[in-house]
Amino acid sequence: MLFGVKLANEVYPPWKGSYINYEGLKKFLKEDSVKDGSNDKKARWDDSDESKFVEELDKELEKVYGFQLKKYNNLMERLSHLEKQTDTEAAIKALDADAFQRVLEELLSESTELDNFKRLNFTGFAKIVKKHDKLYPKYPSVKSLLEVRLKELPSHSEEYSPLLYRISFLYNILRSNFNTASEPLASASKFSSIVSNDIDMNFRSFKFWVHNDNLMEVKTRILRHLPVLVYANVPSENDDLVNRFESDISNNDEIVGSSSSTSSVEHGLGARSFDPLINTLYFDNEHFELYNDKLLKLNSAPTLRLRWTGQLSDKPDIFLEKKTLIEDEATGKSEFDLTKLQLKQKFINGFIFEGDKKFKEQTLKKLKESGTAGRDLERLEEDFSEIQNFIIKNELQPVFRTVYTRTAFQIPGDDKIRVTIDSNIVFIKEDSFDRERPIRDPNTWHRTDIDANVANPLKFLRGGEYAKFPYSVMEIKVKSSLDSSMSASSMISNVKLPKKHGQWLNDLTNSHLVKEIPKFSIFVQGVASLYGDDEKLDILPFWLPDLETDIRQDPKQAYEEEKKKLLKQKEIQKKIDGMRRLSNLKEPQHQAAVPVSQEENERITSQGDLEADGSSDEETEQEPHSKRSKKVRRRKPKATFLRILAGRDPKLMGVDSEEEEIELPPGVKKPLNLLKNAGPVNVEAKVWLANERTFNRWLSVTSLLSVLTFSIYNSVKKAEYPTLANYMAYVYFGLTIFCALWSYSIYMKRVDIIQQRSGQHLDAPLGPVLVSIVLFVTLVVNFVMAFRNAAKSRQELQIQNLEVPERIPEVLRPLQNYLFKLMGPSSD
């Protein structure tokens with residue numbers, strides 16, 4: 001879509017006159033005349049045109065950012081007025097909750113529109129400047145002029161997180177003191193609600209991508225139901241946020257941005273953010289074993305990282321964390337096993353690289369002197385030893401750093417629902433794999449160049465040393481008791497959410513604002529982004545192709561798709577209820593019939609949801625169970641032994657196959673081309689190579705048999721039994737021809753199955769079994785015939801009273817005589 005059309009469609013009508021006059025600036029550039037190649041004097045661009053354009057551009061900048069500053073200050077004043085109405089208990093009791101909430105809703109909506117206003121106008125200015133430089137390359141670029149003017153406009157670098165925090169505080173007052181608030185507010189837990197510690201709890205985590213255009217709207221939607229979470233100086237064991245409320249962010253114009261939806265990447269300015277800037281330094285070895293284990297879903301695949309807040313020059317607290325995700329394959333539930341140590345900077349090098357126990361001994365000594373319990377000391381000592389041994393055993397070293405800003409939403413004291421949004425994510429290489437030109441000093445745990453106490457330290461990064469993730473990552477954590485019957489699906493649409501938050505969470509996650517990416521991992525994405533071309537990576541994450549497409553959706557289209565999805569879910573549920581009733585009626589009459597269990601019903605429902613919403617490439621543990629047909633199937637003939645050997649029937653006859661034919665309704669025809677075959681065939685290279693490797697092995701068997709055939713045939717005249725040798729040569733020649741034809745036919749059949757994306761089984765054991773049987777029979781026949789001929793020759797010599805030569809030792813002669821009796825004439 002052209003930007004001019006996009007701007008016209010997204011303009012907020014009350015502020016229409018305050019947006020950039022994009023079309024007017026385009027007319028100043030005489031774009032149409034330049035493209036037509038006109039030689040008219042009016043179409044020529046001269047110094048006067050340049051000065052007029054710059055003057056008009058400056059006027060538009062003043063108009064746009066003057067309005068933005070005015071609106072921002074107006075919002076802050078109105079918020080201050082609301083805060084004055086709630087500064088005492090008496091004022092809160094006398095407050096008109098409905099009117100107060102209406103004003104809050106207006107402020108929240110205007111904040112969203114102002115963020116959109118800022119983003120659209122900045123994009124417009126950037127595009128018009130780029131257009132000028134492209135049309136008139138002989139004239140100086142006005143990009144530097146734009147940057148200078150933007151720095152002079154204070155509202156350009158204005159952060160919107162203070163607005164969100166203040167609005168969040170006012171929403172909390174409504175939640176805490178009024179039961180007459182609107183349903184979203186009233187449904188939320190009270191500010192002081194606390195979860196009982198007596199109940200065993202676990203959590204489910206769901207990951208989403210959020211486009212920067214939608215980031216502010218997503219935050220404001222969440223803010224209506226959950227307050228922004230502000231952390232104290234020291235995080236708790238369950239918090240993976242860090243210990244700072246504010247951080248000074250030194251931004252690079254191409255790398256790190258602010259926490260608003262219009263990042264400072266575009267602005268090129270430093271901004272004061274109310275969201276913490278988190279630095280996470282991940283460990284791995286040269287073979288990327290931790291990455292491969294995590295991506296290949298090996299259970300309990302751990303990750304190791306160093307984490308701190310803000311700039312390292314400010315001497316923040318640094319935590320070394322070993323985090324292991326333990327998943328229950330039966331239920332799909334997961335819980336973290338977290339081992340965390342707080343380290344001092346001066347001891348990190350020795351602890352990581354040298355196995356130094358000095359810091360461990362000092363820490364334990366201080367804690368012992370302060371009266372810490374013996375059990376706690378033992379546990380801490382075990383944690384030190386566990387992490388240090390883990391580093392040494394796996395030869396781990398710092399590999400890359402992730403820098404991002406985080407906004408968290410959670411009701412304090414109630415962690416049943418928690419939402420975090422990580423924005424402006426940047427991955428930075430910090431490995432020392434290259435011995436000659438290491439990125440990081442091998443004897444230092446971090447890059448000293450970007451952690452130096454200088455302005456804009458990220459400017460030291462070279463091309464290829466960093467990668468910026470194009471979207472923000474939203475994570476929703478849902479906590480429930482261990483006996484809860486939550487679905488094992490990795491998609492949030494298939495999970496039963498708490499009643500208090502289910503409706504708005506479903507509305508948000510099914511909207512056009514977010515895209516769900518199951519099992520997304522920042523650690524995995526960082527390795528794939530920075531080291532994707534490395535041959536040591538066994539596999540790449542399934543979501544990489546989605547990064548090449550625009551995840552934004554048209555709101556109307558998303559709404560229509562959601563309506564269709566809900567209708568389909570209702571139809572599926574109705575069919576399931578009918579099937580359940582029928583199974584309950586028929587069960588007394590047919591004891592052999594197996595009733596449909598509740599668990600299977602949930603799986604079928606989940607599969608229906610997945611089909612309606614489009615499946616992801618993420619493989620889940622429940623996938624084999626969810627591929628059950630929901631229609632009445634025709635009977636298929638029973639598999640015979642030969643059909644199974646030939647690969648025409650699956651060996652698992654008790655398992656329903658996707659290939660089974662279903663009865664179609666009247667008037668409905670089976671499509672010739674299935675949707676699953678519409679796109680290009682994306683098959684992993686190892687599948688093709690496995691097929692070719694099998695074919696090559698068959699060719700080697702064919703070659704060996706052909707050598708054996710012609711060796712026997714060429715030595716027939718020299719053989720003791722020429723007739724037998726001649727027969728064997730013909731048998732082996734036929735077996736050679738069979739091997740060649742069989743290997744080629746099976747190879748082509750498997751290629752066809754792969755290209756058609758068929759679920760047909762690839763096993764075909766008839767060939768190997770037949771070759772084995774023929775070889776066994778020929779060996780037995782050769783053995784028997786040879787003994788019979790030997791017995792016949794022996795008998796002829798005895799009849800002629802000639803001496804029979806004995807070629808075997810005296811001990812084995814009884815066995816020889818026995819074989820002669822068994823297979824030929826007696827030697828007596």
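Positions of Cβ are set from backbone N, Cα and C atoms, glycine also.
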If you compare the topological domain names in Swiss-Prot, are Asp763 and Gln800 on one side of the membrane?
no
Look through Ser80, Ser182, Ser192 and state which residue has the annotation phosphoserine in Swiss-Prot.
Ser182
Ser51, Ser606, Ser616 - residue that Swiss-Prot labels as phosphoserine:
Ser616
Which residue does Swiss-Prot record as phosphoserine, given the choices Ser259, Ser370, Ser615?
Ser615
Please identify which of Tyr22, Lys26 has the densest Cβ environment, defined as other Cβ atoms within 10 Å, among these recorded sites.
Tyr22
Go ahead and report the DSSP secondary structure tallies for the topological domain 'Vacuolar' (717-727): helix first, then strand, then coil.
6 helix, 0 strand, 5 coil
Beyond the flanks of the topological domain 'Vacuolar' (717-727) by at least 6 residues, Cβ under 8 Å
782, 785-786, 789
